[in-house]
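Have a look at the structure below before the remarks.
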């Protein structure tokens, strides 16, 4: 039997070598052997060491000993501003890799580690100080962390402050620099039970020193999310505040908030705006609501489901109280949802149902002037428009009444509509023809006109359409392609295709993104996929699944109240009107979205 050939190379490594080497160096230091430099700390105390160890442990010493300065050759180096006990700890760490951080040494050790460039020790001190955060030191700790570029500690301090802002003393908050206060007010994580508390925080800061701070009031008010301040408070306190009444920029912000609450502000048509995003602590969230549709067996659904993108969870809302039928249209007006028309196959409906999100209830409102199916509905300037081939009418929710308008100049079958830049657009094929056109309604003139928008994309039939950030998006029913029209520039464009087709699916805008759900996919299987398009990244991603595969459903987005995310306990400061809305020690009922409107 042949013996195996001897190995030419035997790879070997000793896992304990690094630790053994450290121990050896530490022993040489203790025996004062081969020492080639002495560090002199503040107060004149000497620390003998090895240059190679210091240079390997710290970029500061590496640069010092490798450069052309006098210290590179000196046997004695004086370190200004480094306490001897802190230098002792850092030298011990260089030879052992260990250091004991405590409440007595954490801050001075961090300063020394920052100066002498021991990043691991600096990070350990920051982690220790994070555990020491409390109401008495959080503001100073954030100052300290930012002064020494401790990102982790600075971030932890800010999170602590935002979460406990209602428990901080008034004097602490009033001493904040402007930039810091603006940062807190603009942060989604500012933990207030109601937006009125954020407004009061800004107002109290200005009132603490009016001569110096009044000029900053418009900037502060812009950082408050006035649209989510309750209407009675907006009228009784914000509008009556002299700082607001005498300031045109503040009055514009107030008007914006009132338009939003009266459903006259289309947040989807405008560009992204933080003021239109409620803080999670208030319990309000923008949600996707699905109404009706058909299931796998083509059975009609009367369920109403809502999806909260913050939690990724679905919840049931009040079921539709009647037979939905087919051919109905769904639209959101403010925080309410309207379902118009439809048919049961033999009879057209003129009925209109309103979902009141504040009480989770469906009620019937004034019927349309004409019964219809396969029409389209959109909201423009706080009014609900219903558009069909031969007629157009408009609903005013403040008077619960309908008004007949001029019909389209060129009747279109089964059109899609969307409001954009103050006008209503309709897209579809001319009645009895295959020619696709786009028409525009001018509300100030009660007039329809044909839009000369060049060659339309090759749609087989009217695509689903929504408006986002001043652009009109068109989702094809038989393709994953997505077209975009800019009415201001009169230009067409494409965005990346969806991950799949959604034949019979639904389209909505939520949180500055397009949401497409359900329908039949590329394999003709009924899908439960919900995918979203983010204009900032120009990418589609699957964000969830429907409760069950569904098609021919409607979807819209509204704001709805969920459980507030404010921490319990602690004191706060009183709001105008005598109620301590920052005092979260007592449970409170959730905010009613109807109060906004």
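Backbone N, Cα and C atoms are what each Cβ position is placed from, and that goes for glycine too.
Computed from a predicted structure; not experimentally measured.
Taken from Swiss-Prot, the feature domain 'BTB' covers 35-103. Broken down with DSSP, the domain 'BTB' (35-103) shows 31 helix, 11 strand, 27 coil.
Annotation source Swiss-Prot lists domain 'BACK' at 138-239.
Under the heading repeat 'Kelch 1', Swiss-Prot lists 287-335.
For 336-382, the entry in Swiss-Prot reads repeat 'Kelch 2'. The average pLDDT for the repeat 'Kelch 2' (336-382) in the predicted structure is 95.
Outside the repeat 'Kelch 3' (384-422), and at least 6 residues removed from its termini, the chain residues within Cβ reach (under 8 Å) are 263, 266, 269, 329, 331, 333-334, 336, 338, 340-341, 352, 354, 365-370, 372, 374-378, 428-432, 437, 439, 441, 443, 446-450, 461-467, 470-472, 474, 487-488. If you look up Swiss-Prot, you'll see 384-422 marked as repeat 'Kelch 3'.
Only residues 6 or more beyond the boundaries of the repeat 'Kelch 4' (424-463), in the same chain, are considered here, and those with a CB under 8 A from a CB of the stretch are 376, 378, 380-381, 383, 385, 387, 389, 392, 405-418, 472, 474-478, 481, 483, 485, 487, 490, 492. Residues or ranges marked as repeat 'Kelch 4' in Swiss-Prot: 424-463.
Summarising the annotation, Swiss-Prot assigns repeat 'Kelch 5' to 464-512. For the repeat 'Kelch 5' (464-512), the DSSP-based tally of helix, strand and coil residues reads 0 helix, 26 strand, 23 coil.
Here Swiss-Prot flags 513-560 as repeat 'Kelch 6'.
Among the features that Swiss-Prot reports, region 'Disordered' is placed at 570-597.
What Swiss-Prot lists as compositional bias 'Pro residues' is 587-597.
Each residue of the repeat 'Kelch 3' (384-422) gets a DSSP state, and the totals for helix, strand and coil are 0 helix, 23 strand, 16 coil.
In terms of DSSP secondary structure, the repeat 'Kelch 4' (424-463) contains 0 helix, 18 strand, 22 coil.
Helix, strand and coil counts from DSSP across the repeat 'Kelch 6' (513-560) read 0 helix, 28 strand, 20 coil.
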